[in-house]
Amino acid sequence: MPDMDIDVKDLEEFEATTGEINLSELGEGFLQSFCKKAATSFFDKYGLISHQLNSYNYFIEHGLQNVFQSFGEMLVEPSFDVVKKKDNDWRYATVKFGEVTVEKPTFFSDDKELEFLPWHARLQNMTYSARIKVNVQVEVFKNTVVKSDKFKTGQDNYVEKKILDVKKQDILIGSIPVMVKSILCKTSEKGKENCKKGDCAFDQGGYFVIKGAEKVFIAQEQMCTKRLWISNSPWTVSFRSENKRNRFIVRLSENEKAEDYKRREKVLTVYFLSTEIPVWLLFFALGVSSDKEAMDLIAFDGDDASITNSLIASIHVADAVCEAFRCGNNALTYVEQQIKSTKFPPAESVDECLHLYLFPGLQSLKKKARFLGYMVKCLLNSYAGKRKCENRDSFRNKRIELAGELLEREIRVHLAHARRKMTRAMQKHLSGDGDLKPIEHYLDASVITNGLSRAFSTGAWSHPFRKMERVSGVVANLGRANPLQTLIDLRRTRQQVLYTGKVGDARYPHPSHWGRVCFLSTPDGENCGLVKNMSLLGLVSTQSLESVVEKLFACGMEELMDDTCTPLFGKHKVLLNGDWVGLCADSESFVAELKSRRRQSELPREMEIKRDKDDNEVRIFTDAGRLLRPLLVVENLQKLKQEKPSQYPFDHLLDHGILELIGIEEEEDCNTAWGIKQLLKEPKIYTHCELDLSFLLGVSCAVVPFANHDHGRRVLYQSQKHCQQAIGFSSTNPNIRCDTLSQQLFYPQKPLFKTLASECLKKEVLFNGQNAIVAVNVHLGYNQEDSIVMNKASLERGMFRSEQIRSYKAEVDAKDSEKRKKMDELVQFGKTHSKIGKVDSLEDDGFPFIGANMSTGDIVIGRCTESGADHSIKLKHTERGIVQKVVLSSNDEGKNFAAVSLRQVRSPCLGDKFSSMHGQKGVLGYLEEQQNFPFTIQGIVPDIVINPHAFPSRQTPGQLLEAALSKGIACPIQKEGSSAAYTKLTRHATPFSTPGVTEITEQLHRAGFSRWGNERVYNGRSGEMMRSMIFMGPTFYQRLVHMSEDKVKFRNTGPVHPLTRQPVADRKRFGGIKFGEMERDCLIAHGASANLHERLFTLSDSSQMHICRKCKTYANVIERTPSSGRKIRGPYCRVCVSSDHVVRVYVPYGAKLLCQELFSMGITLNFDTKLC
């Protein structure tokens, strides 16, 4: 069926009609075409990195203001130094932050404001940042004691606040790095003007430029706050609030203070503010008046005798620690005593502690008591086996932290540091008699600026829960090998764990990952399963700004009673983002009304609604960090009756309920069809439907053709390694970039096949390689296993030819820099007669001219001092190239720096690595002349010959299917009934919906080829027809960055380590080749002892030492005078006082060094020697 579109107006008219339509009337082809258009609309709206941009934009618009407002009014007291102020007339001050404004990124040069773009920061080694200004109010006052009328006020004296001065001004508080393409970035506007300004054509932003380097946030998986965490080792239920990170824990444990025969009874205790309190005492401190009332709040409906005994034992424990706690405020007084007796007691009163730190989302103490009873009931139900414990590996219990949350936490830490410095500085002036200086004199703007820059540079960020700790792995360098690697880095997630401890099941896939996290894209090694990649349709929710509580009441929610007497039997709890906000009588109709209004955009589109029938709860989430994904709503697919062709945006699909964004908890109640085919078989049993199964994969897996036919490990290698190492087109603006190392393919091509993901994304740059004619054959034995043989003529015509651009950077201090140095010690750029290298290509300014051919030993950047000291940068061993560009500039730190880029053309040579898109990585083993290659009847000569043994062991039949499909696509097919009309077929190789083998073979047959892709070929050397047929077809191959020219190592003699006398390791320092344990074991297995002795001894650190055979100790070589009177030098045993039994042995110098080090520690070794 041809593709058909839906008209928006007709769709709205159709919604008014009634009556059900059978989905089979729409047709499978129409529904699949609609899914493709819906996915395209999704990518047009959200793209692939919207989660990075949305999080940062929300932080700039709302989160940054909340950080400053959270500090409230800060009181600054004087230092109370009686030496400075003897009259004790102390002054106080209060500081309050007001409105926060963030400016656009600008750069000032000679007091001139210049336009500042990301490529300026990259070239000038600067940070692409914007200045933060905040309105600060400073109030200076005195406290004076004034007498009052005791009969009117009840006090003899009271303290009167006398205001001395009030100032308001906008000050610079620091600078914040700007995310490229965010609302602060000047390149966020779409259009071709950005490309003219130097912006890359396919740069989507989402990263930062810190001191010239591109940095990206790795999304952090953190445990969700404001949720009940039930654990069975030991039995506890905990609640962690959002603002205050102090956990509130209810523990069910054995009563340690009871007598022995009662030891098995479990009691309920509460861990609150670093102290342990019996739960019954906390109930009465919150306003519960009787034991029956507390039991009704718990409302445990089981008949388990052990739980009943635990509740009774908990009452007895409360009676034991506090007598008469049911009377008056005795329970509250006991709680206050316990809190004040902790090591670090809070400054607030007990009432304030209960209000601020105990369930801060609930305002009254009665509601807090109800929530406490709800926690106790959940714990007891879990202990009785009626409720499951929480799974920490499930994404329902996690939130994704992105740029907004990470920057908010880091800025809060540095702002607190700046506040402490401000307080200490203001205290000194408040104690004196002089006026206070302007507030910018006390608030150091460099604290936030330098703190954020240090966090980005080092990668150490504030821990989410522990104040004094830092975590790593939050920020990473953005990969620029090709656009696909850039997208992978921007969609990566990470779970922070301690590798030394037990990780548990964190590395294994979880059912909650389905459709949100790619189940193949994960690295190997210690990060396996911990570093993940989001799936194509995975979307991270943002914080909802609109209040939904009133709308919940309109949908039938009842208000939570502010008492502890009214029973809640038959009512279902309604939790909004973890806070208990109300009740509902009929949860089924209430949830149905909520979903209906959400599908009509009366409620936030990203709202998640979960109905828990087992626990009688309705959980609603509108917070940020949840992983959502779009699904088709089956009951609304009847609106898609075929109408006139037209296009519509993704928002329209959400507004009319055809699609909806489903969260992890809500999807547990959905019955989702895997595809249109499965849906059409039984449409009545499904509530939702997938757009396509290939969207379950990540961006790197979804573009692999026939991925479902390959071994999972091979797809993992392609998605996690090969596609990120493939040489393509990294950017469209290489002339204004000075990356340390970049690769560019001369003639990148797009493959003949298509996948649904690449077609919906409209990104041909996701493929980095060329289409090569590949033959599966054994050729001269040079393509054993993974080796390949390539056509030399194809390489000479430019196949897989690339260029490598390496930049060398150096910086010097400007002459007018603040760092005072002697003129003869000031390093400057310039040409000097260097002793460390050749300066033939340098000009007088110390830089080479454009087009200069430089090789090993040449000076690439000349630097010297007035005294003649040489600080030049020299090309190391194997480094060479032609000078492409020279950049000289200065940054905002007063330093001049230069960058010289060398270009080197790389044509494939022996040892280079290539890979297909199926994980078939091979090393180029031989370059064969074209006339010696086998050729077909049509005269087609293959570009690459691979060994047939590479397929059974690696289990990649997908490559064979790709070659057969591409062969049919590339060749014209004659239409039936026409002798001259030809057309080209384009077929999709989308994973899980690929064409069948029969369909591919019929396509080859219609094109005039063998059904199974085999070709009759002739020997290029003899011209004879070969007996066996060879499978041949076009296959998309990638050239990897692993090239033999960068890895080949050779040396005869060279530098050795001064301590161990072994060859150094660095290749550029003429280092040796590593001979490790695996190589040693291999030679041992072959019995090549002479070769082993040569490698590990003769060619490494051969040495000799002397041993006394009598005392078996080490003999020294000393100069001594024997009885003859003439001095001689030789080995001598100091223990035996003789040289008669001394022999010479050959040992590695590393062993000799070990003996000497042990001897220096007082450890003597005995050696047994034997004459050979």
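Keep in mind that glycine also has a Cβ here, set from the backbone N, Cα and C atoms.
According to DSSP, ASP786 (Mg(2+) binding site) is assigned to coil rather than to any helix or strand. Look at Swiss-Prot and you will find ASP786 tagged as Mg(2+) binding site.
Under the heading Zn(2+) binding site, Swiss-Prot lists CYS1108, CYS1111, CYS1133, CYS1136, citing similarity to another entry as support. Reduced to three states, the DSSP call for CYS1136 (Zn(2+) binding site) is coil.
Look at Swiss-Prot and you will find 1108-1136 tagged as zinc finger. When pLDDT values are averaged over the zinc finger (1108-1136), the model yields 86.
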For ASP786 (Mg(2+) binding site), the number of other Cβ atoms found within 10 Å of its own Cβ: 19
Nearest-integer angstrom distance between the alpha carbons (Cα) of CYS1133 (Zn(2+) binding site) and ASP786 (Mg(2+) binding site): 58
Sparsest-packed among the binding-site residues, when each Cβ's other Cβ atoms within 10 Å are tallied, from CYS1108, CYS1111: CYS1111
Other CB atoms within 10 A, centred on CYS1133 (Zn(2+) binding site): 21
Check: same-chain CB within 8 A of Zn(2+) site center, minus CYS1108, CYS1111, CYS1133, CYS1136: ARG1109, LYS1110, LYS1112, THR1113, ALA1115, ARG1134, VAL1135, VAL1137, SER1138, HIS1141, VAL1142
Secondary-structure category, per DSSP, in which CYS1108 (Zn(2+) binding site) falls: strand
Cβ neighbours within the same chain of CYS1136 (Zn(2+) binding site) - under 8 Å, at least six residues apart: CYS1108, LYS1110, CYS1111
